[in-house]
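Worksheet: one structure, shown below.
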Amino acid sequence: MKQQNTPSGTPVQSVSPPPSPASRHSVKHSRVMLGIRDGLNILVLLGSVLVIAALSFETFHDAAQNYYHAYLQIQLWVCLIFMSDFLFRFYLSERKWHYLWHNLIFLLVSIPYLNIADHSQTPLTQEAYYIFKLMPLVRGGYGLAVMVGWITRSRVTNLLVSYVVTLLALIYFSTLIFYQLEHGPNPNVTNYGSAVWWAFMNVTTVGANIFAVTPMGKVLTVVLAASGMMMFPIFTVYITTKFQSHFKAQNALHERAGHEGSPDPDEPDEESAAS
């Protein structure tokens with residue numbers, strides 16, 4: 001309701017028109033879409049944690065044979081959640097081909113390859129089996145990075161923390177896969193601690209005295225070393241940005257203090273007033 005004046009000066013109350021049914025429907029539709037998006041974000045996060053916990057249980061308890069069918073069911077449902085989230089965001093995107101091209105990797109890692117291979121009875125090598133098992137973990141690691149992005153507000157801090165979480169997730173996934181592949185063929189990998197030592201020594205580019213003997217293990221060694229080298233520039237940018245922000249705040253504080261302590265040019269000083 002707005003108040004307007006007539007030419008005679010008398011205030012007149014004007015009533016704003018009610019929203020049209022189309023606008024009310026648009027607002028309701030937007031709220032529903034936001035609710036679905038938030039629900040899918042929560043499901044993606046829970047699915048990411050579930051698939052990580054399932055693979056960890058299989059590795060630590062050495063239950064690959066007895067736990068195989070249960071893991072397939074878990075991976076199927078988690079991949080369906082990932083696929084639903086991708087398709088929903090594709091539906092909301094205004095530039096669908098642009099979205100598809102820039103997020104194609106998330107579509108590829110959301111496909112339940114192990115379930116397809118098991119249903120079609122396609123034989124898989126050990127390396128192919130672990131690669132297909134690793135696919136949902138890529139999407140799971142991204143889900144954890146997105147969760148960290150909800151917590152942090154600064155863009156630079158968000159970049160650093162997201163990369164650190166992604167790097168730690170990559171290290172953890174690599175230790176699981178490396179232990180499953182190298183335990184047995186590699187005499188230097190006697191327990192899971194050996195895989196953890198191998199991962200941290202390679203990600204810091206120091207190098208470990210444990211050398212991979214399987215093709216997948218050698219690939220993981222290169223990936224960890226490359227990821228560790230990419231960490232240092234991001235850390236340097238973060239520290240530099242923090243120092244620049246601190247110096248700008250200090251300069252602004254000094255300038256404000258200088259302006260407050262300087263005399264007003266419009267007011268005469270004491271000597272001129274006395275004369």
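Note: Cβ is positioned from N, Cα and C throughout, glycine not excepted.
Features as listed in TrEMBL:
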type     : residues : note
REGION   : 1-25     : region 'Disordered'
TRANSMEM : 40-60    : transmembrane segment
DOMAIN   : 41-244   : domain 'Ion transport'
TRANSMEM : 72-92    : transmembrane segment
TRANSMEM : 99-116   : transmembrane segment
TRANSMEM : 128-152  : transmembrane segment
TRANSMEM : 159-180  : transmembrane segment
TRANSMEM : 192-212  : transmembrane segment
TRANSMEM : 219-239  : transmembrane segment
REGION   : 255-275  : region 'Disordered'
COMPBIAS : 263-275  : compositional bias 'Acidic residues'
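When each of the listed stretches 99-116, 159-180, 192-212, 219-239 is scored by C-beta pairs under 8 angstroms to the transmembrane segment (40-60), 159-180 comes out highest. Averaged across the domain 'Ion transport' (41-244), pLDDT for the predicted model comes to 80. Contact between the transmembrane segment (219-239) and the transmembrane segment (72-92) does not hold: fewer than three of their C-beta pairs are under 8 Å, each pair 6 or more apart in sequence.
Residues 33, 36-37, 40-41, 43-44, 47-48, 50-51, 54, 99-100, 103, 106-107, 109-112, 114-115, 118, 133, 136, 139 of the same chain lie 6 or more positions beyond the ends of the transmembrane segment (72-92) yet place their CB under 8 Å from a CB of it.
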